[in-house]
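Q: OK, TrEMBL features for this one:
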TRANSMEM  6-22  transmembrane segment
TRANSMEM  34-53  transmembrane segment
DOMAIN    65-138  domain 'CAAX prenyl protease 2/Lysostaphin resistance protein A-like'
TRANSMEM  85-102  transmembrane segment
TRANSMEM  114-134  transmembrane segment
Amino acid sequence: MLVWAPRPWGYFFVIASALALRRRILWLSKVPKYVVYALLVYATAFVLDYISVGPQKTDKAWWEVVVLAPLAEEVVFRALPMSRLPPPLGWVFAVFIFGALHPQNPFLASLYGLALALAYLGGGYPASAALHAFNNALWLYLGTSLF
């Protein structure tokens, strides 16, 4: 359960700020092995999450969960920290802080954060945002269609 949830305009502000600050967006310009690692870590985290927690119902609008949240969170937790902070600190922010701010299951959220960080390394912001949006869409679908 999130204690603080920003208004949708907050997401737009974060996205607009990121686009203004980001010098370049890389799409598959680095070694693709990171994308493979990201998908393996993601699949492991997904199976563990599904077994231990199961799909969660949400009352938020689908566009907020599937579009706005992934775009904003990828700016805050991957694009800015991993491009502006030294590597160890950027990774800590991208993985562990992301997990800590998803309190339902911080360990599994950190695994998702690791998968997203690897996707960011392999394909830049678009890759991590796409994986994040896919994850949220899948959980939203499972949470609304199975129960």
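The backbone N, Cα and C atoms fix where each Cβ goes, and this holds for glycine too.
Describe the structural context of these features.
A: Taking Cβ pairs closer than 8 Å, the transmembrane segment (34-53) reaches residues 28, 104-105, 108, 111-112, 114-119, 121-123, 127, 131, 135, 138, 142 in its own chain, all 6 or more past its ends.
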Q: Which value does the mean pLDDT take for the domain 'CAAX prenyl protease 2/Lysostaphin resistance protein A-like' (65-138) in this predicted structure?
A: 91
Q: Which bits of the chain, at least 6 residues beyond where the transmembrane segment (85-102) starts or stops, bring a Cβ under 8 A of a Cβ in it?
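A: Long-range Cβ neighbours of the transmembrane segment (85-102): 73, 77-78, 108-114, 116-117, 120.
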